[in-house]
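Engineer: Below is the structure I would like to discuss, written out as structure tokens.
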Amino acid sequence: MTIKPIILVMVYLQTYTANGQIICERQMSVEWRTQPKHHIMKWTLMNNSCSNFYTDCWNINTNIERNILEQQALNVPQICPLQLQLGDSLFISSEASFQSHGMNLGNVSMEEFIRCPPKDFLQDQLIFGCRLRGMHQVDPRWLGVGTHYFAEVQTKGPPLCNLGLRLNVTVKQQFCQQSSNAPFCSRHGRCLSHVWEEAYNCHCSQQYSGRFCQEFDACSSKPCQNNASCIDTREGTIGDSYECACPSQFAGKNCSEIIGQCQPHACLNGNCSNVTPNTFLCECDKDFTGKKFILFSML
């Protein structure tokens, strides 16, 4: 029997110090990965902890519109919060000096996260079936979609939760595929999630719209000139699927042609050229600014 090795990718949240405070570095927007990742979180009070939930833990401006009471309540020492994709694996690596404490982790409520778990914490909410020694994988049942709060549950020795042994984990799913085998965002956008968003969604490229960027909008590039109205004639297809409703003195596919024929000084500071027996164009001289075509009606 062949045993396949498990490859773990060491993913530590990087931090830096500003004015004596540890700041967790992170991206504000993240793109969905096509393959799940193994995350290893060091269960330690050193290097990767923070105190102010927004400015330190999330490295954002506190002027953002958030619930003030919630903001103040979550300002407790904690390990840098973690965001995962649904399907990612999480491993907890205990610091060697903590292993003699015989600690465990509990799946706690927000209130218990803030105040730390009580001594009579429910056994069925313990993350691991044994004391935390070395590295343990968090069972996927604790990593469903949503926000989870993990905290140290004291078995012996001094309590360490209040010092920062607690972790906020958010697990996100994606809504970027019309079906399980469909391409992400119909290959016309990116599957992204902002740090405060609850899921990954499509951010469409120019001229595409819809939940999965499946709709092509020919009018989004504003092809009709001279205040003409653009009409999308073939919704969902790619190409010249639009028509321009031109004002009375203009004609052509994009209403760029002037009805009439070239006459002396018709284009003022530019060159006049007849396009059809009934329309002409004005092309500006190099030294003049404004629209490429100076529009002048010979009525």
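Each residue, glycine too, has its Cβ placed from N, Cα and C.
TrEMBL labels come from automatic prediction, so no person has curated them.
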Engineer: Please work out, from what TrEMBL records, which of CYS204, CYS224 forms the disulfide with CYS213.
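Structural biologist: According to the record, the bonded cysteine is CYS204.
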Engineer: With the disulphide bonds as TrEMBL has them, who is the partner of CYS262, out of CYS246, CYS255, CYS272?
Structural biologist: CYS272
Engineer: In TrEMBL, CYS255 is disulphide-linked to which residue out of CYS246, CYS267?
Structural biologist: CYS246
Engineer: Could you tally the C-beta atoms, other than its own, that fall within 10 angstroms of the C-beta of CYS262 (disulfide bond)?
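Structural biologist: Here the count is 16.
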Engineer: Within 10 Å of CYS213 (disulfide bond) by C-alpha distance: pick out those among the disulfide-bonded residues CYS202, CYS255, CYS272, and say none if nothing qualifies.
Structural biologist: CYS202
Engineer: Run through the domain 'EGF-like' (172-214) and tell me, per DSSP, how many residues are helix, strand and coil.
Structural biologist: 4 helix, 15 strand, 24 coil
Engineer: Mind checking which of CYS202, CYS246 has the fewest other CB atoms within 10 A of its CB? They're the disulfide-bonded residues.
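Structural biologist: Per-residue Cβ counts within 10 Å for the disulfide-bonded residues CYS202, CYS246 bottom out at CYS246.
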Engineer: Out of CYS185, CYS246, CYS262, CYS272, give those disulfide-bonded residues positioned within 10 angstroms of CYS204 (disulfide bond), comparing C-alpha atoms, in sequence order.
Structural biologist: CYS185
Engineer: Counting Cβ neighbours within 10 Å across all chains shown, tell me which of the disulfide-bonded residues CYS185, CYS204, CYS213, CYS255, CYS272 comes out on top.
Structural biologist: CYS185
